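Grabbed the feature section from TrEMBL, which reads as follows:
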- 12-36: transmembrane segment (TRANSMEM)
- 72-530: domain 'Major facilitator superfamily (MFS) profile' (DOMAIN)
- 147-167: transmembrane segment (TRANSMEM)
- 179-198: transmembrane segment (TRANSMEM)
- 204-225: transmembrane segment (TRANSMEM)
- 237-257: transmembrane segment (TRANSMEM)
- 263-283: transmembrane segment (TRANSMEM)
- 361-377: transmembrane segment (TRANSMEM)
- 389-410: transmembrane segment (TRANSMEM)
- 417-436: transmembrane segment (TRANSMEM)
- 442-465: transmembrane segment (TRANSMEM)
- 477-497: transmembrane segment (TRANSMEM)
- 503-525: transmembrane segment (TRANSMEM)
Amino acid sequence: ESFSSVKFFLSLYRFQACVYFASVFQAMSCGIHYLASVFMAVTPNFVCGFPGNVSSVLFHNSSASSIEDIWTLWTSTENYIVVQLENGEIWELDQCSRSKRELGLDLAYEYKGNKSVFPCSDGFLYDDTKWKSTVVTQWDLVCDREWLAKLIQPTFMLGVLIGAVIFGDIADRLGRQRVIWFTSAGQFVFGIAVAFTFDYYGFVIVRFLLAMVSSGYLVVAFVYVTEFVGIKARTWASMHVHAFFAMGIMVVALVGFLVRTWWVYQIFLSIATLPFVLCCWMLPETPFWLLSEERYEDAQKVIDTMGRWNKVNSPCKVSELCSVQQDDLASGRTGDDDTSSTKKHNILDLFCNWQIARRTITVWLIWFTGSLGYYVFSLSSVNLGGNEYLNLFLIGAVELPCYIIACIAMDKLGRRNTLIPFLILSALICVLIMFIPQDFNILIILANMAGKFSIGVAFGLIYLYTAELYPTIVRSLAVGSGSMMCRVGSVVAPFCVYLRSVWIFMPLLLVGIMALLSGILTIMLPETLGKPLTNTLVEATEMGRSKKSCSEKTPPAHSGAALEKIEMFGQERVSTGK
């Protein structure tokens, strides 16, 4: 088998371990930029500004000489502050308007007389006890400009969606190495550039470009590491790319706690993975891609380098692999007529019959639900009460064991039998959180961590499960379309979080309903544990109808080709769920 020797050679560990950890280290930067807005775009307490110098401030029964002393007493957005200026004027300051009292010179909180209402033409006063500066306070993204602040995260996620499509295609055309170089440097350059933008629109545009390169790196790094590790380690290696993403979330919490000015915070986040940017130029191209492009000399150089690192005396020769591959192609031409003709497949092939169509709808729903739940739990963590920095850190930390559990469970219990209980469990946790009293902060935080854990397990294994549910001819199409649904979920998630203003439990209700529906529909999916990958849509359909292994229905003459396609699966363009 032409690529079996490559698989065996790539199963050696020293070289692959160095490449793997160097590549996934930069995945932390993706997690950093994806969640950076939770502190950078926070809206502190605020009221309208006033024209003049203040002499005294009144808030309910408490008086002070400056508004800064009042913020500790602020409990609701419906409150207002009464100030008396040095010229004797008395103003009532709401969040989005201010009123000048026409009569009465006595400073009192309650007033029944006439008032003249004015807009906030003198700007706003912000509570800077927690955050010295955010993008909201920088450009007054409140009141009638509040919608601009709410677009910061969705526009970033839109960039994530577009970047995954663009850079995934470029990586197939120009190679993984070049895209990793460009996107790594792009994350650093655009990350620093965000801190020095001078207006809101420039900020959003640069963040959009940052999202594109971050998503591009995550997609290509996922492909890159799966092409360098052996098949036995592929599941664990691909799953733990997500773990480094989670570590990036933990870095956001730590830097947010230490730095309270948004542009300094952004600079520190951007330089967190600078060491990788400086050394990523040493990463080699993958032998799989070089062989697919018929760059045999370059592939041989990489294989020789791997041989030296792994202390292999006689590394495999590309010339030998090519001769075997030519023999396979020659024998393939004398085989069935079906294998000599190729057909271009499109999205409609995922709905070719009722069995496959139902499978596609269910898989898409799981991708969407996983992404929606992942980001709803992550983005909502800073609103749970208590220490918001610790909350976000714990929400990121809980992902680390969840991927280990996912890897063990999917190999012991099966893909479907792991997915169903964790999806239903996440739905039950969403319902449970609704019944926890709001003053039980610790219990609420623990329940949210459990929800993030359960949705993280489901989210982590859906990529591999999708790849196993579909045949070789549409596998990349199925995974790619599922990834698109995932990113639609990530775009919708911020808007879902904003529904807290309608009802505090509305985001959890939506996630719970979607998770329950996904868990029920997953029951109809076939189990793929221990079954070979299918090659045709007919085989994939039969896998859903029969309890027997597909290997019992596959003619022996095709077993070699099937194995080659399994090994070549690492060469297909794939994309991570983030």
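From the backbone N, Cα and C atoms, a Cβ is placed for every residue, glycine too.
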Across the whole of the domain 'Major facilitator superfamily (MFS) profile' (72-530), what does the mean pLDDT come to? Round it, please.
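Across the domain 'Major facilitator superfamily (MFS) profile' (72-530), the average pLDDT comes out at 84.
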Could you name the stretch, out of 179-198, 417-436, 477-497, with the greatest number of CB pairs under 8 A to the transmembrane segment (147-167)?
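Highest pair count goes to 477-497.
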Cβ under 8 Å, sequence separation of at least 6 from the ends of the transmembrane segment (204-225): give me the contacting residues as numbers and ranges.
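Distant Cβ neighbours of the transmembrane segment (204-225) are 19-20, 23-24, 26-27, 29-30, 33-34, 151-152, 155-164, 166-168, 170-171, 176, 179-180, 182-184, 186-187, 190-191, 193-194, 197, 237-238, 241, 245, 283, 286, 487, 573-576, 578.
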Near the transmembrane segment (389-410), which same-chain residues lie under 8 Å Cβ to Cβ, leaving out any that are not at least 6 residues past its ends?
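Sequence-distant neighbours of the transmembrane segment (389-410): 31, 35, 38, 235-236, 239-240, 242-243, 245-250, 252-254, 256-257, 377-378, 381-382, 418, 445, 448-449, 452-454, 456-457, 460-461, 464-465, 529.
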Hey, would you say the transmembrane segment (12-36) packs against the transmembrane segment (237-257), going by three or more CB pairs under 8 A that are 6+ residues apart?
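Yes, since the transmembrane segment (12-36) and the transmembrane segment (237-257) share at least 3 Cβ pairs closer than 8 Å, they count as touching.
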For the transmembrane segment (361-377), I need the partner stretch with the highest count of C-beta pairs below 8 angstroms, choosing only from 179-198, 263-283, 417-436, 477-497.
477-497
Does the structure show the transmembrane segment (263-283) and the transmembrane segment (179-198) touching, where I'm treating 3 or more Cβ pairs under 8 angstroms (sequence separation 6 or more) as a contact?
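As far as Cβ distances go (cut-off 8 Å, pairs 6 or more apart), the transmembrane segment (263-283) and the transmembrane segment (179-198) touch.
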